[in-house]
Amino acid sequence: MERQVLRLRQAFRSGRSRPLRFRLQQLEALRRMVQEREKEILAAIAADLSKSELNAYSHEVITILGEIDFMLGNLPELASARPAKKNLLTMMDEAYVQPEPLGVVLIIGAWNYPFVLTMQPLVGAIAAGNAAIVKPSELSENTAKILAELLPQYLDQDLYAIVNGGIPETTELLKQRFDHILYTGNTAVGKIVMEAAAKHLTPVTLELGGKSPCYIDRDCDLDVACRRIAWGKYMNCGQTCIAPDYILCEASLQNQIVQKIKETVKDFYGENIKASPDYERIINLRHFKRLQSLLKGQKIAFGGEMDEATRYLAPTILTDVDPNSKVMQEEIFGPILPIVSVKNVDEAINFINDREKPLALYVFSRNNKLIKRVIDETSSGGVTGNDVIMHFTVNSLPFGGVGASGMGAYHGKYSFDTFSHQRPCLLKGLKGESVNKLRYPPNSESKVSWAKFFLLKQFNKGRLGMLLFVCLVAVAAVIVKDQL
């Protein structure tokens, strides 16, 4: 591992990854890989999660193609220097912010969307000019295998590497020094990643999870709400970090919600859900048994059927759920949807705020003021009103958590920013010492007074303002020179 990181660092220090042209070439190569080897990629995803190729494409591949296209179209602007506002003391100088690559970064992907959650951060790392090591999840072994086969064929092997393996390999990787680590996964492992990174003072982006609440107001179109909630909850068999984890609603709505979600599930997957090509399976037996244990002692209003041999767990709804029960103490990450009764929106807000900050928050209501009130009085990684999941698809929005649900963000320009250092640059001339004397010892009341004038008056170059302030500073310089 150490030699591999050193090899990438030497390649990065050569400057090869910095030119804009090189970055664009690598992004185009990555797009070509996705397009040319689409069938193999889809087959690998399907094998890992019992996912149809159509779902694999719409859930994962299309997102990567969109992210690459965004970077190809916007990278020249993202990578360019941005002029910075100046004060009077620096008005004749050049001040700007120059994005620069961090160096060698580590990307640790997740198994639930093994392609998009590994490749989307890589797109950002390449766009920002970094070298990168990619570590796919070992649980999605087929996707990890195809990535290990394809990436070296399309990307510069000296700058981009892939490491496969389990806990020992990840542990060894985390011992190495990186310039940034982006990890997607659960909170417990996120703490391990952060602890390892702290030994090298390596910054981290942690995309974790949590129990994402979904509040349904009584003033709501229940048909629309239940259709959208069922889609977001049961896609990928509930194994989505921003799936609605549980529903909060008034007790009078509970039976209606159960009935409407039951009808929606039938529309989505047919009478025989198990035979539907659109309904996936739990990733492995360990997660299956964990989900099985969450159902013990619960009132199952719908679903609950399971087949351990095929890791099938039907779309399930729980009613009259005790907030202190096990199913409400951990992220479910499966097709189990508890409904918790609250008296009103005030109680819902308190319920949410009494728990860890979630990765996502959903509110359904015809009343936009109520939706905005919930947003204002709670905290979460992201929010979608009157829908679920969809904020993930908007690459002009940052995607990330807060508190226990993570730190940092990516997607679109935010991916570029995450893997970049925003370097402040000030280029001064060698003239103007009469004004610069203000900062040289010995100090005096007069110097402090002039410093207040020069430093507290902000200046941004304008057409007329430029001429006026040049004259002002010239006069001030003469006065300062006479007084010092």
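Note that Cβ sites are derived from N, Cα and C of the backbone, with glycine treated the same way.
Cross-referencing 297-300, 321-324, 481-484 with Swiss-Prot places the feature motif 'Prevents secretion from ER' at 481-484. Taking Cβ-Cβ distances under 8 Å and a sequence gap of 6 or more within the same chain, the neighbours of Glu207 (active site) are Ala110, Leu117, Leu182, Tyr183, Thr184, Gly185, Cys241, Phe399, Gly400, Gly401, Gly406, Gly408, Tyr410. For Asn186 (NAD(+) binding site), other Cβ atoms within 10 Å of its Cβ number 16. Local packing around the Cβ, expressed as the count of other Cβ atoms within 10 angstroms, is greatest for Cys241 among the recorded positions Ala188, Val189, Cys241. Cβ neighbour count within 10 Å across all protein chains ranks Thr187 highest among the recorded positions Thr187, Ser293. Using a 10 Å radius centred on the Cβ of Gly185 (NAD(+) binding site) and all shown protein chains, the other Cβ atoms total 22. Using the Cβ center of Gly185, Asn186, Thr187, Ala188, Val189, Gly190 for NAD(+), the list of other same-chain residues with Cβ within 8 Å runs, in sequence order, Tyr183, Lys191, Ile192, Val193, Leu208, Gly209.
On a Cα basis, Ser293 (phosphoserine) lies 20 Å away from Ala188 (NAD(+) binding site).
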